[in-house]
């Protein structure tokens, strides 16, 4: 299938400016500034906040069939099996996402759909659709393209959640098109429609997405095309379908009254430095500027609350005598043991710092509860900050360090700039969110804020007026569990403020080496030596040696090698075994045992080179995306080494095999390293080891079968050579690192 590059939207500079050191505030009290806090400031004719996934999914289901030329879907996760409307809808299309998209393509001959998911870490494998790149659902239509994007630094992710239809209508926020996201604002405890793909119920889920049109939507189409271009295996932009700009149409759904009209949207990004592109940290600068601009109230909804930079800014503001109120709504408990042990610990730490700084009673953290005494809470996944009635920030970025510096993110901001209509719209959205959590009305929230002025006082007054109810905002005091206190000072590396090397991460959690591993190794070596001695005695002095002699084991193989095409057959069998991932070291040793040092080395080296060439060809033919599914995270690391160093990298990887033989072959082919460089590096890197290994194997057998001082001395000499080579290579590798 051809792998096209979609049509280009209006010409915009690609997101590439380095804003890593941007100041937190901008001149004249402005928050949106393309020099620091945002990439673009562009007009939206209309914009609305869709609260909870049921509203968002329903609009998508309605608007996707109206597309005429392009749909982009970018996500942290995209699952072909979900139903956008779990209860069903009578629109003539099938329920599952992939089947729905294919049916829409059948009805629209000019339409093309592009889906770009994150090439996720294996840590999330059991939470996601298995091997999505190979799902027939994503290859069921010739105008539907699905790809996984792993072009980012080690440990990062692609976290943007964007849908753009015909460059005219865009959506972004916290909601992916995947399982366990759908819910309604009622968050009914036993809603029969709130079931995951395994048909089991999941926790009520609160989230939000911004829908908008106009030039701002076209800018997100441009961003989506740039992401698609970067994800291509070749890295080349390719040609658009034609030289004409796609026609813009009015796709705004007629049944949704916009929250905003003719409003400027600031588009802020996070991108780590990668592949020659500098870092972009506009999301971080945006949040710092928003906190600095607050006067009375800061309202936050977020899945995480651990960002050091934002936390420090909030500490300073609430410590001021007339600082703003700060209300943070987040999950009662982080999802799963791993998140609780990492993000939960860091959240508890930041909460403690804020409480210590809060001498004026300005700060409170809440968890939305369905029934707190029974332990029923709503999971918060939204990413929203509302400052007074002035600023609305909504997007994909969590308030953690990763979203500020490491993961790709996209946030949208509306600055009222003193406009009464926009201020009223921002206030309505905040009041709507609070009314949902407090099981109250927007009018009641508005009245409470008008009476008290301060956010936390208004929340307290609504709770008092309602009395004891199950649905409410429950005060939250996160603490570090006793069993996690010993790692509390180390988990910060899992939410880094800068890209972190793998060895630094491991150093935080792995103990310093002691002498115990050396003792264990000596014990293992001693046991192996005793085993060899025992087998030798059994072979020489018991019937075992007569029943299973080395001669009998090798006779048939040697007879094959002596035939006219025997050597070719031996090499072919060797190469096939290596291709099937039989450890190449074992194959080399067996070849030396059977055919001796000289013939064994020749057979082993020939078979190794043939297997390497076949693996390279398979990697080049399958391509990077397919090989990634087989090799996992190792591929990114190997590809970077192979592309940057070429022949030298291949030699080092053969001398110091940090990855299996077959994986290196596939990675080299997928990385498009030159074939002859690859083969030369393999020959140079493998030849010394092949010669030594076959010689060692042959001499070891000779020493066991006919022990003499000379044979034992030769085995010892080769063994010393192998150990010495290993130590030298280890020192060389350590110096390179």
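One-based numbering along the chain as shown.
Note: Cβ is positioned from N, Cα and C throughout, glycine not excepted.
Listed ranges 148-174, 202-228, 229-255; the one TrEMBL annotates as region 'Disordered' is 229-255.
Remote same-chain partners of the domain 'PLD phosphodiesterase' (381-403), defined as residues 6 or more beyond its termini with a Cβ less than 8 Å from a stretch Cβ, comprise 31, 49, 76, 156-157, 159-161, 172-175, 181, 205-210, 268, 270, 283, 286-287, 290-291, 293-310, 324, 343, 346, 409-417, 423-424, 426-427, 429-430, 433, 495-497.
Counting residues per DSSP class in helix, strand and coil order gives 0 helix, 1 strand, 19 coil for the region 'Disordered' (180-199).
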